[in-house]
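Engineer: Structure below; questions to follow.
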């Protein structure tokens, strides 16, 4: 990790120092994904089976996972694992149930009633990556709010063979259908539908560059599907003062660095002593990690920033807008009102990022790569949509008519004006 003194940098250097590592996109990925999507749209299930065998080197017996296979997953898991998953489920459900929106009903003037109502998105698709380690936590983070929101159909795609933990949590969440499909072909199948895979209205979940590009492409097609949010590499920023525990900070930085070589970790502190202690602790703890080589690559593009004060550290954090923000200071809650841009915030020594990643109850699907300035952490609202309602009485329309007519005339929209005056004339005739 590189250490820099913030005040010694010019404004241009400060901007440059906080730039994220570039995301490798490339025309080859764009073209390859477009080909996969086109193949799935034209060949349907046959394309899914062919691409699964090609990319995953597996030939599933069926695209949809049978119920008996999902039920059998429970028998192969330890009691300890099931208890952990159920505890996480309980906490995540509690927090997301509390997010249920309340209807709004306001009489803006006599006889003019305005309302806001919320309805669930009818059909949603969840993408769960494969790889060397299963991600049942992501199933929880997507499946729990989808069901609480009331989505009528919730389906899940994951590359085969699907881990027992994922199948168990899918059943725990009440997910309707699980498919043995991964990669960009899974995104295409959910966006456009095949004989076996249900078409959905919105797709959620992380993935590699091909999955991310597939989500982008289908979301740009009105016949495709909406997506949750733009994706980018994982990141964490820690604000720490002289009271912070350097071993805790190092552990938090490394827990993010081990996600991938493109992850970025940043420490901002006014204490050079803490900075040095954290540097030593990172090197010491790194040796014990099974993914040390991955974490080491991430650390190469990571930073320790020496700020003038905690106030300046907050400003740096707000400018950077991290996915995860950890505050290890004497009075961390006092800083909360000053923090504007972050996906999820972890206050105090006893709030490691890992808690939020798995089981505290908050959602771990978060905006990254600076999108925290405009995007929120995933929640119940992402699985719903709002509608407004207005109901005017005869008296209400008469009272509002002069305002609407004047504005319609100013905009040159005669039919808008007439839709009001024709009603007012009718009311006048009926008196």
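Cβ atoms are placed via backbone N, Cα and C, with glycine included.
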Engineer: The Zn(2+) site in Swiss-Prot includes 256, 259, 416. Which of 201, 221, 293, 357 is also listed there?
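Structural biologist: Record check against Swiss-Prot: Zn(2+) site with 256, 259, 416, extra candidate from 201, 221, 293, 357 is 357.
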Engineer: Do you know offhand how many angstrom separate residue 256 (substrate binding site) and residue 324 (active site, proton acceptor) by C-alpha?
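Structural biologist: Rounded to a whole number, the Cα-Cα distance is 9 Å.
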Engineer: Let me spell it out: for each of the recorded positions (259, 324, 416), count the other Cβ atoms within 10 Å of that residue's Cβ, using every protein chain shown. Which one has the most?
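Structural biologist: Its Cβ has the most other Cβ atoms within 10 Å: 324.
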Engineer: Looking at NAD(+) and its recorded binding residues 127, 185, 208, figure out the farthest C-alpha pair and report it in angstrom, whole number.
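Structural biologist: Those residues reach a largest Cα separation of 13 Å.
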Engineer: Write down the Cα-Cα distance for residue 411 (substrate binding site) and residue 127 (NAD(+) binding site), rounded and given in Å.
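Structural biologist: About 46 Å separate the Cα atoms of these two residues.
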Engineer: Here are the recorded positions: 323, 357, 411. Which has the lowest count of other Cβ atoms within 10 Å?
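Structural biologist: It is 411 that, of the recorded positions 323, 357, 411, has the fewest other Cβ atoms within 10 Å.
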Engineer: Out of 185, 208, 256, which of the binding-site residues has the smallest number of neighbouring Cβ atoms within 10 Å?
Structural biologist: 208
